[in-house]
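These notes are about the structure you will find just below.
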Amino acid sequence: MCGILGLLLHDPTVNVAAEIAEGLSLLQHRGQDACGIITCGPKGRFYQCKANGMVRDIFDDSSIARLIGGMGVGHVRYPTAGSFNNAEAQPFYVNSPYGIVFAHNGNLINTSSLMQFMDQVSHRHINTASDSELLLNIFADNLQKTGKFRINEEDIFTAIGGVVSQCKGAYACVAMLAGFGIIAFRDPNGIRPVGMASRKTANGEGSDYIFASESVVADACGFTDWEDVKPGEAVIITRNGVSRRQVSSPSTLAPDIFEYVYFARPDSVIDGVSVYRSRMAMGDVLAEKVKRVLAENNLTVDVVIPVPDTSRVAALNLAQRLALPYREGFIKNRYVGRTFIMPGQQMRKKNVRRKLNAMALEFADKNVLLVDDSIVRGTTSKEIVQMAKDVGAKKVIVASCAPPIRYPNVYGIDMPSRKELVAYGRNEVEIAKAIGADLVVFQSLPDLVESVRHLNTSINAFDCSVFTGDYITGGVTEEYLQHVEGLRSDNNRLKLNLDTNVLQSDVVNGYPNGHAAESGPPSSTAGLDDSVGLHNTWKSN
Ligand SMILES: O=P(O)(O)OC[C@H]1O[C@H](OP(=O)(O)OP(=O)(O)O)[C@H](O)[C@@H]1O
Ligand SMILES: NC(=O)CC[C@H](N)C(=O)O
Ligand SMILES: [Mg+2]
(Lines of atoms letter the chains of each structure in order from A and count residues from 1; the text may use other names and numbers.)
(Lines give C-alpha, C1' and ligand atoms only; values in the text may rest on other atoms or scores of the structure.)
(Ligands and ions follow the chains in the order given, each with its own letter.)
Protein backbone atom coordinates (compact mmCIF):
# COMPACT_ATOMS: atom_id res chain seq x y z
CA MET A 1 0.00 0.00 0.00
CA CYS A 2 1.17 3.51 -0.57
CA GLY A 3 -0.10 6.99 0.23
CA ILE A 4 -0.57 9.63 -2.46
CA LEU A 5 -1.21 13.33 -2.16
CA GLY A 6 -1.61 16.34 -4.46
CA LEU A 7 -2.05 19.92 -3.32
CA LEU A 8 -2.74 23.09 -5.30
CA LEU A 9 -2.82 26.43 -3.52
CA HIS A 10 -4.86 29.30 -4.90
CA ASP A 11 -1.92 31.64 -4.34
CA PRO A 12 1.00 30.31 -6.42
CA THR A 13 3.49 32.40 -4.46
CA VAL A 14 2.89 30.41 -1.27
CA ASN A 15 5.06 27.29 -1.04
CA VAL A 16 3.13 24.08 -0.67
CA ALA A 17 5.87 21.68 0.46
CA ALA A 18 5.53 22.02 4.24
CA GLU A 19 1.85 21.18 4.05
CA ILE A 20 2.47 18.22 1.76
CA ALA A 21 5.08 16.88 4.21
CA GLU A 22 2.53 17.29 7.01
CA GLY A 23 -0.06 15.45 4.93
CA LEU A 24 2.38 12.64 4.12
CA SER A 25 3.09 12.13 7.80
CA LEU A 26 -0.65 11.44 8.20
CA LEU A 27 -0.36 8.76 5.52
CA GLN A 28 2.78 7.18 6.98
CA HIS A 29 0.84 4.05 8.02
CA ARG A 30 0.39 3.29 4.27
CA GLY A 31 4.11 3.10 3.51
CA GLN A 32 7.24 3.32 5.62
CA ASP A 33 9.99 2.55 3.10
CA ALA A 34 10.37 5.68 1.02
CA CYS A 35 8.76 9.05 0.55
CA GLY A 36 9.01 12.05 -1.70
CA ILE A 37 7.65 15.40 -2.75
CA ILE A 38 7.89 17.21 -6.08
CA THR A 39 6.67 20.79 -6.29
CA CYS A 40 6.13 23.02 -9.29
CA GLY A 41 7.43 26.57 -9.04
CA PRO A 42 7.75 29.62 -11.30
CA LYS A 43 8.23 28.92 -15.03
CA GLY A 44 6.92 25.39 -14.50
CA ARG A 45 10.18 24.27 -12.84
CA PHE A 46 9.97 21.09 -10.74
CA TYR A 47 11.79 20.71 -7.41
CA GLN A 48 12.12 17.31 -5.80
CA CYS A 49 13.20 15.58 -2.64
CA LYS A 50 12.74 11.81 -2.36
CA ALA A 51 14.61 8.95 -0.76
CA ASN A 52 14.22 5.79 1.24
CA GLY A 53 13.05 6.55 4.77
CA MET A 54 10.14 7.84 6.81
CA VAL A 55 8.68 11.32 6.32
CA ARG A 56 10.26 12.69 9.51
CA ASP A 57 13.70 11.47 8.39
CA ILE A 58 13.58 12.80 4.85
CA PHE A 59 11.93 16.17 5.34
CA ASP A 60 13.37 18.87 7.54
CA ASP A 61 13.25 22.66 7.37
CA SER A 62 16.10 22.94 4.91
CA SER A 63 14.89 20.28 2.44
CA ILE A 64 11.38 21.74 2.58
CA ALA A 65 12.66 25.28 2.01
CA ARG A 66 14.22 24.15 -1.26
CA LEU A 67 10.92 22.80 -2.59
CA ILE A 68 9.55 25.89 -4.28
CA GLY A 69 6.07 26.37 -5.69
CA GLY A 70 2.37 26.54 -4.97
CA MET A 71 1.42 23.06 -6.18
CA GLY A 72 2.93 19.66 -5.64
CA VAL A 73 2.60 15.91 -5.34
CA GLY A 74 3.73 13.63 -2.49
CA HIS A 75 4.07 9.90 -1.91
CA VAL A 76 4.85 7.40 0.85
CA ARG A 77 5.92 4.00 -0.46
CA TYR A 78 5.39 0.39 0.56
CA PRO A 79 6.95 -1.49 -2.35
CA THR A 80 4.78 -4.09 -4.03
CA ALA A 81 6.57 -4.21 -7.36
CA GLY A 82 10.20 -3.77 -8.28
CA SER A 83 12.65 -3.39 -5.43
CA PHE A 84 13.38 -1.33 -2.32
CA ASN A 85 15.93 0.73 -4.20
CA ASN A 86 15.63 4.45 -3.59
CA ALA A 87 15.53 5.01 -7.36
CA GLU A 88 11.97 3.69 -7.10
CA ALA A 89 10.90 6.22 -4.49
CA GLN A 90 8.03 8.31 -5.82
CA PRO A 91 6.81 10.67 -7.21
CA PHE A 92 8.32 9.84 -10.61
CA TYR A 93 9.08 12.45 -13.25
CA VAL A 94 9.22 12.35 -17.02
CA ASN A 95 10.08 15.36 -19.15
CA SER A 96 8.09 14.61 -22.27
CA PRO A 97 5.44 15.65 -23.06
CA TYR A 98 4.82 18.82 -21.03
CA GLY A 99 6.73 17.69 -17.89
CA ILE A 100 4.79 15.16 -15.82
CA VAL A 101 5.07 14.17 -12.16
CA PHE A 102 3.33 11.01 -11.01
CA ALA A 103 2.45 9.15 -7.79
CA HIS A 104 0.72 5.78 -7.70
CA ASN A 105 -0.92 3.52 -5.14
CA GLY A 106 -1.72 0.00 -6.28
CA ASN A 107 -0.26 -2.59 -8.57
CA LEU A 108 -0.61 -3.36 -12.27
CA ILE A 109 -1.18 -6.96 -13.30
CA ASN A 110 -0.27 -6.66 -16.99
CA THR A 111 3.20 -5.18 -16.64
CA SER A 112 4.86 -7.66 -19.01
CA SER A 113 2.70 -6.76 -21.98
CA LEU A 114 2.87 -3.04 -21.13
CA MET A 115 6.67 -3.26 -21.00
CA GLN A 116 6.66 -4.90 -24.39
CA PHE A 117 4.43 -2.13 -25.71
CA MET A 118 6.75 0.53 -24.29
CA ASP A 119 9.72 -1.09 -25.90
CA GLN A 120 8.36 -2.09 -29.29
CA VAL A 121 5.72 0.54 -29.99
CA SER A 122 6.34 3.62 -27.86
CA HIS A 123 10.13 3.36 -27.71
CA ARG A 124 10.12 4.69 -24.18
CA HIS A 125 12.83 3.64 -21.77
CA ILE A 126 11.76 2.38 -18.34
CA ASN A 127 14.70 2.66 -15.99
CA THR A 128 13.44 0.83 -12.90
CA ALA A 129 11.45 -2.31 -12.14
CA SER A 130 8.63 -0.18 -10.71
CA ASP A 131 5.18 -0.61 -12.25
CA SER A 132 4.51 3.02 -11.29
CA GLU A 133 7.25 4.29 -13.62
CA LEU A 134 5.67 2.16 -16.31
CA LEU A 135 2.20 3.57 -15.60
CA LEU A 136 3.58 7.11 -15.79
CA ASN A 137 5.06 6.36 -19.20
CA ILE A 138 1.79 4.89 -20.45
CA PHE A 139 0.15 8.15 -19.36
CA ALA A 140 2.88 10.17 -21.06
CA ASP A 141 2.51 8.12 -24.23
CA ASN A 142 -1.23 8.79 -24.31
CA LEU A 143 -0.67 12.51 -23.76
CA GLN A 144 1.90 12.50 -26.55
CA LYS A 145 -0.68 11.05 -28.92
CA THR A 146 -2.74 14.24 -28.67
CA GLY A 147 0.11 15.90 -30.58
CA LYS A 148 -0.74 19.32 -29.16
CA PHE A 149 1.67 22.16 -28.54
CA ARG A 150 -0.47 23.28 -25.56
CA ILE A 151 -2.75 20.78 -23.88
CA ASN A 152 -6.24 21.28 -22.44
CA GLU A 153 -8.58 19.36 -20.09
CA GLU A 154 -10.24 17.45 -22.94
CA ASP A 155 -6.89 16.10 -24.10
CA ILE A 156 -6.04 14.97 -20.58
CA PHE A 157 -9.35 13.13 -20.16
CA THR A 158 -8.79 11.42 -23.51
CA ALA A 159 -5.27 10.40 -22.46
CA ILE A 160 -6.45 8.98 -19.13
CA GLY A 161 -9.17 7.08 -21.01
CA GLY A 162 -6.33 5.53 -23.00
CA VAL A 163 -4.42 4.64 -19.81
CA VAL A 164 -7.49 2.97 -18.34
CA SER A 165 -8.07 0.89 -21.45
CA GLN A 166 -4.43 -0.28 -21.48
CA CYS A 167 -3.68 -0.84 -17.80
CA LYS A 168 -5.08 -3.72 -15.76
CA GLY A 169 -4.97 -3.90 -12.00
CA ALA A 170 -5.26 -1.42 -9.16
CA TYR A 171 -4.26 2.21 -9.49
CA ALA A 172 -5.16 5.32 -7.61
CA CYS A 173 -2.95 8.07 -9.05
CA VAL A 174 -2.10 11.71 -8.58
CA ALA A 175 -0.24 13.53 -11.35
CA MET A 176 0.94 17.08 -11.98
CA LEU A 177 1.62 18.77 -15.32
CA ALA A 178 4.21 21.54 -15.30
CA GLY A 179 2.58 24.93 -14.96
CA PHE A 180 -0.86 23.44 -15.55
CA GLY A 181 -2.41 21.70 -12.52
CA ILE A 182 -2.92 18.49 -10.59
CA ILE A 183 -4.85 15.42 -11.71
CA ALA A 184 -6.25 12.34 -9.96
CA PHE A 185 -7.71 9.16 -11.37
CA ARG A 186 -8.78 5.76 -10.12
CA ASP A 187 -9.06 2.35 -11.78
CA PRO A 188 -12.51 1.20 -12.98
CA ASN A 189 -13.08 -0.79 -9.77
CA GLY A 190 -11.77 1.87 -7.41
CA ILE A 191 -9.71 -0.82 -5.69
CA ARG A 192 -7.42 1.72 -4.04
CA PRO A 193 -8.75 4.91 -2.47
CA VAL A 194 -8.25 8.55 -3.41
CA GLY A 195 -10.47 11.53 -2.73
CA MET A 196 -10.47 15.30 -2.84
CA ALA A 197 -11.43 18.30 -0.71
CA SER A 198 -11.24 22.09 -0.80
CA ARG A 199 -10.50 24.98 1.53
CA LYS A 200 -11.41 28.65 1.15
CA THR A 201 -8.44 30.99 1.24
CA ALA A 202 -8.17 33.37 4.20
CA ASN A 203 -9.57 36.32 2.21
CA GLY A 204 -12.36 34.11 0.79
CA GLU A 205 -11.39 34.95 -2.78
CA GLY A 206 -10.42 31.50 -3.92
CA SER A 207 -9.92 27.87 -2.93
CA ASP A 208 -7.04 25.50 -2.30
CA TYR A 209 -7.54 21.88 -3.37
CA ILE A 210 -6.18 18.60 -2.10
CA PHE A 211 -6.15 15.01 -3.37
CA ALA A 212 -5.26 12.34 -0.83
CA SER A 213 -5.48 8.59 -0.28
CA GLU A 214 -7.45 9.11 2.91
CA SER A 215 -9.80 11.77 4.26
CA VAL A 216 -7.80 12.08 7.50
CA VAL A 217 -5.34 14.30 5.59
CA ALA A 218 -8.08 16.69 4.53
CA ASP A 219 -9.51 16.83 8.07
CA ALA A 220 -6.16 17.56 9.68
CA CYS A 221 -5.17 20.21 7.10
CA GLY A 222 -8.44 22.14 7.38
CA PHE A 223 -10.05 21.04 4.09
CA THR A 224 -13.77 20.30 3.85
CA ASP A 225 -16.30 18.73 1.46
CA TRP A 226 -14.37 15.48 1.10
CA GLU A 227 -15.45 13.47 -1.91
CA ASP A 228 -14.08 10.21 -3.28
CA VAL A 229 -12.80 10.15 -6.83
CA LYS A 230 -15.16 7.66 -8.44
CA PRO A 231 -13.99 4.42 -10.02
CA GLY A 232 -12.95 5.09 -13.60
CA GLU A 233 -13.13 8.85 -13.02
CA ALA A 234 -10.49 11.50 -13.68
CA VAL A 235 -10.42 14.88 -11.91
CA ILE A 236 -8.33 17.84 -13.10
CA ILE A 237 -7.69 20.84 -10.87
CA THR A 238 -6.15 24.04 -12.20
CA ARG A 239 -6.25 27.57 -10.83
CA ASN A 240 -9.34 28.07 -13.00
CA GLY A 241 -11.34 25.34 -11.25
CA VAL A 242 -12.23 21.66 -11.17
CA SER A 243 -13.19 19.40 -14.12
CA ARG A 244 -14.36 15.81 -13.66
CA ARG A 245 -15.05 13.11 -16.19
CA GLN A 246 -15.92 9.43 -16.20
CA VAL A 247 -13.21 8.06 -18.50
CA SER A 248 -14.07 4.38 -18.26
CA SER A 249 -17.32 2.53 -18.60
CA PRO A 250 -18.44 0.26 -17.21
CA SER A 251 -17.07 1.08 -13.79
CA THR A 252 -18.12 -0.92 -10.76
CA LEU A 253 -16.90 0.15 -7.38
CA ALA A 254 -15.21 -2.78 -5.63
CA PRO A 255 -12.82 -1.36 -3.02
CA ASP A 256 -10.31 -3.67 -1.40
CA ILE A 257 -11.93 -4.79 1.85
CA PHE A 258 -8.49 -5.04 3.46
CA GLU A 259 -8.38 -1.22 3.55
CA TYR A 260 -11.12 -1.42 6.20
CA VAL A 261 -9.64 -4.42 7.99
CA TYR A 262 -6.10 -3.09 8.35
CA PHE A 263 -4.65 -0.50 6.03
CA ALA A 264 -6.58 2.71 6.49
CA ARG A 265 -6.55 4.89 9.57
CA PRO A 266 -9.72 4.48 11.62
CA ASP A 267 -10.48 8.19 11.43
CA SER A 268 -10.71 8.07 7.62
CA VAL A 269 -13.87 7.67 5.61
CA ILE A 270 -13.36 5.66 2.42
CA ASP A 271 -16.06 5.42 -0.23
CA GLY A 272 -18.60 6.71 2.24
CA VAL A 273 -17.71 4.17 4.94
CA SER A 274 -16.20 5.23 8.25
CA VAL A 275 -13.28 2.87 8.79
CA TYR A 276 -13.78 3.27 12.54
CA ARG A 277 -17.46 2.29 12.42
CA SER A 278 -16.68 -0.68 10.18
CA ARG A 279 -14.11 -1.95 12.70
CA MET A 280 -16.61 -1.52 15.53
CA ALA A 281 -19.06 -3.63 13.54
CA MET A 282 -16.36 -6.26 12.87
CA GLY A 283 -15.91 -6.58 16.65
CA ASP A 284 -19.67 -6.85 17.22
CA VAL A 285 -20.24 -9.68 14.75
CA LEU A 286 -17.07 -11.49 15.69
CA ALA A 287 -18.32 -11.53 19.30
CA GLU A 288 -21.28 -13.66 18.27
CA LYS A 289 -19.05 -16.20 16.58
CA VAL A 290 -16.59 -16.26 19.49
CA LYS A 291 -19.47 -16.93 21.90
CA ARG A 292 -20.62 -19.87 19.79
CA VAL A 293 -17.18 -21.40 19.29
CA LEU A 294 -16.24 -21.04 22.96
CA ALA A 295 -19.42 -22.87 23.95
CA GLU A 296 -18.74 -25.63 21.41
CA ASN A 297 -15.28 -26.09 22.91
CA ASN A 298 -16.37 -25.81 26.56
CA LEU A 299 -14.05 -22.89 27.07
CA THR A 300 -14.45 -19.69 29.05
CA VAL A 301 -12.50 -16.46 28.74
CA ASP A 302 -11.43 -14.17 31.58
CA VAL A 303 -10.20 -11.17 29.63
CA VAL A 304 -10.13 -9.68 26.10
CA ILE A 305 -6.77 -8.23 25.04
CA PRO A 306 -6.27 -6.31 21.76
CA VAL A 307 -3.12 -6.59 19.66
CA PRO A 308 -2.12 -2.95 19.23
CA ASP A 309 -2.71 -0.93 17.21
CA THR A 310 -5.20 -1.75 14.53
CA SER A 311 -7.38 -4.27 16.38
CA ARG A 312 -8.14 -2.00 19.33
CA VAL A 313 -11.41 -0.61 18.00
CA ALA A 314 -12.85 -4.03 17.15
CA ALA A 315 -11.56 -5.67 20.36
CA LEU A 316 -13.29 -3.10 22.57
CA ASN A 317 -16.64 -3.70 20.89
CA LEU A 318 -16.16 -7.44 21.04
CA ALA A 319 -15.43 -7.28 24.78
CA GLN A 320 -18.46 -5.10 25.41
CA ARG A 321 -20.70 -7.50 23.48
CA LEU A 322 -19.45 -10.44 25.52
CA ALA A 323 -19.56 -8.46 28.76
CA LEU A 324 -15.92 -9.33 29.38
CA PRO A 325 -13.18 -7.07 30.75
CA TYR A 326 -11.08 -5.33 28.06
CA ARG A 327 -7.47 -4.89 29.10
CA GLU A 328 -4.47 -3.38 27.32
CA GLY A 329 -2.21 -6.30 28.18
CA PHE A 330 0.28 -5.56 25.40
CA ILE A 331 2.00 -2.21 25.62
CA LYS A 332 3.22 -0.88 22.33
CA ASN A 333 6.48 0.95 21.84
CA ARG A 334 5.21 4.04 20.09
CA TYR A 335 8.44 4.47 18.15
CA VAL A 336 8.18 1.21 16.23
CA GLY A 337 6.05 1.37 13.09
CA ARG A 338 3.82 -1.21 11.50
CA THR A 339 5.50 -4.58 11.32
CA PHE A 340 3.43 -6.15 8.55
CA ILE A 341 4.64 -3.64 5.97
CA MET A 342 8.30 -4.01 6.92
CA PRO A 343 10.49 -5.70 4.32
CA GLY A 344 11.72 -9.23 5.07
CA GLN A 345 10.54 -11.84 7.56
CA GLN A 346 13.55 -11.44 9.88
CA MET A 347 12.86 -7.75 10.34
CA ARG A 348 9.13 -8.29 10.86
CA LYS A 349 9.71 -10.98 13.45
CA LYS A 350 12.30 -9.00 15.39
CA ASN A 351 10.09 -5.94 15.42
CA VAL A 352 7.02 -7.66 16.89
CA ARG A 353 9.11 -8.23 20.04
CA ARG A 354 10.54 -4.72 19.95
CA LYS A 355 7.07 -3.30 19.49
CA LEU A 356 4.89 -5.22 21.95
CA ASN A 357 5.51 -6.14 25.58
CA ALA A 358 3.14 -8.36 27.58
CA MET A 359 2.27 -7.29 31.13
CA ALA A 360 2.19 -10.37 33.35
CA LEU A 361 -0.46 -8.89 35.64
CA GLU A 362 -3.03 -9.08 32.85
CA PHE A 363 -2.14 -12.60 31.71
CA ALA A 364 -1.08 -14.71 34.70
CA ASP A 365 -3.46 -17.59 35.44
CA LYS A 366 -6.08 -16.33 33.01
CA ASN A 367 -7.74 -17.63 29.87
CA VAL A 368 -7.07 -14.77 27.49
CA LEU A 369 -8.77 -13.89 24.23
CA LEU A 370 -6.36 -11.99 21.96
CA VAL A 371 -8.11 -10.05 19.22
CA ASP A 372 -6.29 -9.06 16.03
CA ASP A 373 -7.60 -7.51 12.83
CA SER A 374 -6.01 -10.20 10.67
CA ILE A 375 -3.61 -13.12 10.67
CA VAL A 376 -1.53 -13.03 7.50
CA ARG A 377 1.88 -14.66 7.77
CA GLY A 378 1.18 -15.39 11.42
CA THR A 379 4.34 -13.49 12.42
CA THR A 380 2.52 -11.37 14.99
CA SER A 381 0.24 -14.06 16.41
CA LYS A 382 3.02 -16.63 16.80
CA GLU A 383 5.12 -14.16 18.80
CA ILE A 384 2.34 -12.75 20.96
CA VAL A 385 0.86 -16.14 21.82
CA GLN A 386 4.30 -17.17 23.04
CA MET A 387 4.66 -13.90 24.95
CA ALA A 388 1.27 -14.45 26.60
CA LYS A 389 2.29 -17.96 27.64
CA ASP A 390 5.68 -16.76 28.87
CA VAL A 391 3.95 -14.43 31.34
CA GLY A 392 1.66 -17.14 32.66
CA ALA A 393 -1.52 -17.22 30.56
CA LYS A 394 -3.43 -20.46 31.11
CA LYS A 395 -5.14 -20.69 27.74
CA VAL A 396 -4.62 -18.42 24.74
CA ILE A 397 -7.42 -18.03 22.22
CA VAL A 398 -6.90 -15.84 19.16
CA ALA A 399 -9.78 -14.18 17.31
CA SER A 400 -9.30 -12.54 13.91
CA CYS A 401 -11.63 -9.85 12.52
CA ALA A 402 -10.86 -11.14 9.03
CA PRO A 403 -11.28 -14.65 7.62
CA PRO A 404 -8.24 -16.84 6.91
CA ILE A 405 -6.02 -15.37 4.17
CA ARG A 406 -5.12 -18.10 1.71
CA TYR A 407 -4.52 -16.25 -1.57
CA PRO A 408 -1.92 -13.70 -2.69
CA ASN A 409 -2.74 -10.04 -3.13
CA VAL A 410 -1.94 -8.62 -6.56
CA TYR A 411 -3.38 -5.13 -6.08
CA GLY A 412 -0.83 -3.36 -3.90
CA ILE A 413 -0.48 -5.36 -0.68
CA ASP A 414 2.76 -7.23 -0.40
CA MET A 415 1.56 -10.80 0.12
CA PRO A 416 2.70 -12.41 -3.11
CA SER A 417 3.47 -15.93 -2.00
CA ARG A 418 0.90 -18.48 -0.85
CA LYS A 419 3.54 -20.42 1.04
CA GLU A 420 4.21 -17.42 3.29
CA LEU A 421 0.56 -17.29 4.42
CA VAL A 422 -0.02 -19.22 7.63
CA ALA A 423 -3.57 -20.22 6.58
CA TYR A 424 -2.43 -21.62 3.24
CA GLY A 425 -3.12 -25.35 3.15
CA ARG A 426 -4.20 -25.37 6.82
CA ASN A 427 -7.58 -25.69 8.47
CA GLU A 428 -8.41 -23.75 11.63
CA VAL A 429 -7.12 -26.44 14.00
CA GLU A 430 -3.84 -26.55 12.09
CA ILE A 431 -3.56 -22.75 12.07
CA ALA A 432 -4.05 -22.69 15.86
CA LYS A 433 -1.28 -25.25 16.17
CA ALA A 434 1.01 -23.30 13.84
CA ILE A 435 0.70 -20.13 15.92
CA GLY A 436 0.78 -22.02 19.22
CA ALA A 437 -2.76 -21.02 20.30
CA ASP A 438 -5.26 -23.24 22.08
CA LEU A 439 -8.00 -22.12 19.70
CA VAL A 440 -8.38 -19.71 16.82
CA VAL A 441 -11.64 -18.07 15.72
CA PHE A 442 -11.97 -16.38 12.33
CA GLN A 443 -14.66 -13.98 11.18
CA SER A 444 -16.75 -15.37 8.32
CA LEU A 445 -16.49 -13.55 4.99
CA PRO A 446 -20.21 -12.65 4.81
CA ASP A 447 -19.95 -11.13 8.31
CA LEU A 448 -16.87 -9.14 7.35
CA VAL A 449 -18.48 -7.85 4.17
CA GLU A 450 -21.66 -6.89 6.00
CA SER A 451 -19.66 -5.02 8.69
CA VAL A 452 -18.44 -2.68 5.98
CA ARG A 453 -21.33 -2.71 3.54
CA HIS A 454 -24.08 -1.82 6.01
CA LEU A 455 -22.42 1.59 6.29
CA ASN A 456 -22.86 2.25 2.57
CA THR A 457 -25.31 -0.11 0.93
CA SER A 458 -24.67 1.40 -2.50
CA ILE A 459 -21.39 -0.57 -2.60
CA ASN A 460 -22.31 -3.82 -4.30
CA ALA A 461 -18.94 -5.50 -4.38
CA PHE A 462 -15.59 -5.57 -2.60
CA ASP A 463 -12.34 -7.06 -3.70
CA CYS A 464 -12.00 -9.98 -1.27
CA SER A 465 -9.46 -11.89 -3.35
CA VAL A 466 -7.10 -12.66 -0.45
CA PHE A 467 -9.92 -14.66 1.13
CA THR A 468 -11.53 -16.18 -1.96
CA GLY A 469 -9.00 -16.23 -4.80
CA ASP A 470 -11.54 -14.37 -7.00
CA TYR A 471 -9.78 -11.34 -8.42
CA ILE A 472 -12.15 -8.51 -9.24
CA THR A 473 -10.33 -7.36 -12.39
CA GLY A 474 -10.16 -10.84 -13.89
CA GLY A 475 -6.99 -11.75 -15.75
CA VAL A 476 -5.21 -13.27 -12.74
CA THR A 477 -4.29 -16.76 -13.86
CA GLU A 478 -2.48 -19.48 -11.95
CA GLU A 479 0.44 -18.86 -14.28
CA TYR A 480 0.47 -15.17 -13.32
CA LEU A 481 0.32 -15.98 -9.59
CA GLN A 482 3.27 -18.32 -9.99
CA HIS A 483 5.16 -15.64 -11.89
CA VAL A 484 4.60 -13.07 -9.10
CA GLU A 485 5.43 -15.64 -6.46
CA GLY A 486 8.71 -16.38 -8.21
CA LEU A 487 9.50 -12.69 -8.44
CA ARG A 488 8.48 -11.43 -5.03
CA SER A 489 8.55 -14.12 -2.37
CA ASP A 490 10.77 -13.02 0.54
CA ASN A 491 13.78 -15.00 -0.68
CA ASN A 492 13.59 -14.07 -4.33
CA ARG A 493 13.03 -10.42 -3.57
CA LEU A 494 16.34 -10.13 -1.76
CA LYS A 495 18.01 -11.27 -4.95
CA LEU A 496 16.02 -8.79 -7.04
CA ASN A 497 17.09 -5.94 -4.77
CA LEU A 498 20.75 -6.73 -5.18
CA ASP A 499 20.41 -6.98 -8.95
CA THR A 500 18.55 -3.71 -9.39
CA ASN A 501 20.81 -1.76 -7.03
CA VAL A 502 23.74 -1.93 -9.38
CA LEU A 503 21.83 -1.00 -12.49
CA GLN A 504 19.91 1.89 -10.99
CA SER A 505 22.74 3.46 -9.09
CA ASP A 506 24.99 3.26 -12.11
CA VAL A 507 22.55 4.77 -14.50
CA VAL A 508 20.60 7.23 -12.41
CA ASN A 509 23.05 8.44 -9.84
CA GLY A 510 26.37 7.82 -11.50
CA TYR A 511 27.52 5.91 -8.39
CA PRO A 512 27.71 2.13 -8.14
CA ASN A 513 25.84 0.19 -5.47
CA GLY A 514 23.69 2.95 -4.09
CA HIS A 515 26.56 5.09 -2.71
CA ALA A 516 24.54 8.14 -3.54
CA ALA A 517 22.09 7.18 -0.83
CA GLU A 518 24.89 7.16 1.73
CA SER A 519 26.85 10.17 0.67
CA GLY A 520 24.49 12.78 -0.73
CA PRO A 521 24.38 14.13 -4.25
CA PRO A 522 27.00 12.84 -6.64
CA SER A 523 28.11 15.59 -9.00
CA SER A 524 26.80 13.72 -12.03
CA THR A 525 23.27 13.82 -10.59
CA ALA A 526 23.21 17.60 -10.74
CA GLY A 527 24.24 17.43 -14.38
CA LEU A 528 21.55 14.91 -15.24
CA ASP A 529 18.83 16.76 -13.41
CA ASP A 530 19.74 20.16 -14.81
CA SER A 531 19.30 18.76 -18.25
CA VAL A 532 15.71 17.82 -17.46
CA GLY A 533 14.95 20.92 -15.43
CA LEU A 534 14.51 19.00 -12.18
CA HIS A 535 16.01 20.37 -8.99
CA ASN A 536 17.00 17.73 -6.52
CA THR A 537 17.14 18.01 -2.78
CA TRP A 538 18.98 14.84 -1.84
CA LYS A 539 18.81 13.29 1.56
CA SER A 540 20.95 10.52 2.87
CA ASN A 541 19.30 7.52 4.52
O1 LIG B 1 0.06 -12.23 10.59
P2 LIG B 1 1.00 -11.11 10.28
O3 LIG B 1 1.78 -11.39 9.04
O4 LIG B 1 1.84 -10.75 11.45
O5 LIG B 1 0.14 -9.85 9.88
C6 LIG B 1 -0.96 -9.38 10.61
C7 LIG B 1 -0.55 -8.39 11.67
O8 LIG B 1 0.17 -7.29 11.08
C9 LIG B 1 -0.52 -6.08 11.30
O10 LIG B 1 0.00 -5.36 12.39
P11 LIG B 1 1.09 -4.19 12.25
O12 LIG B 1 2.09 -4.33 13.31
O13 LIG B 1 1.62 -4.14 10.86
O14 LIG B 1 0.29 -2.83 12.41
P15 LIG B 1 -0.64 -2.21 13.55
O16 LIG B 1 0.26 -1.63 14.60
O17 LIG B 1 -1.42 -1.17 12.82
O18 LIG B 1 -1.52 -3.28 14.11
C19 LIG B 1 -1.94 -6.49 11.60
O20 LIG B 1 -2.59 -5.50 12.38
C21 LIG B 1 -1.76 -7.78 12.34
O22 LIG B 1 -1.45 -7.51 13.70
N1 LIG C 1 1.81 -0.36 -2.43
C2 LIG C 1 1.78 0.40 -3.47
O3 LIG C 1 0.81 1.07 -3.76
C4 LIG C 1 3.04 0.38 -4.29
C5 LIG C 1 3.03 1.14 -5.59
C6 LIG C 1 3.99 0.53 -6.59
N7 LIG C 1 3.47 -0.73 -7.06
C8 LIG C 1 5.35 0.36 -5.97
O9 LIG C 1 5.75 -0.74 -5.66
O10 LIG C 1 6.03 1.34 -5.76
MG1 LIG D 1 -1.39 -5.35 14.15
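Any Cβ shown, glycine's included, is placed from N, Cα and C.
Contacts of Cys2 (active site, nucleophile) defined by a Cβ separation under 8 A and a same-chain sequence distance of 6+ are given as Arg30, Gly31, His75, Val76, Arg77, Tyr78, Gln90, Ala103, His104, Asn105, Gly106, Ser213, Gly412, in order along the sequence. Taken residue by residue with DSSP, Cys2 (active site, nucleophile) is part of neither helix nor strand, so it is coil. According to TrEMBL, the active site, nucleophile annotation covers Cys2.
Feature annotation from TrEMBL assigns domain 'Glutamine amidotransferase type-2' to 2-240.
Look at TrEMBL and you will find Thr310, Asp372, Asp373 tagged as Mg(2+) binding site. Long-range Cβ neighbours of Asp373 (Mg(2+) binding site) (same chain, at least 6 residues apart, Cβ-Cβ under 8 Å): Val261, Tyr262, Arg279, Met282, Val307, Thr310, Ser311, Ala314, Ser400, Cys401, Ala402. Asp373 (Mg(2+) binding site) falls outside any helix or strand according to DSSP and counts as coil.
Here TrEMBL flags 509-541 as region 'Disordered'.
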For the Mg(2+) site (Thr310, Asp372, Asp373), what does the 8 A shell look like? I mean other same-chain residues with CB within 8 A of the CB centroid. Val261, Tyr262, Pro306, Val307, Asp309, Ser311, Ala314, Val371, Ser374, Ser400, Cys401
Within 10 Å of the Cβ of Asp372 (Mg(2+) binding site), how many other Cβ atoms can you find? Include all protein chains, please. 22
Filtered by Cβ distance under 6 Å to ligand 2, the recorded positions Cys2, Thr310, Asp372 reduce to Cys2
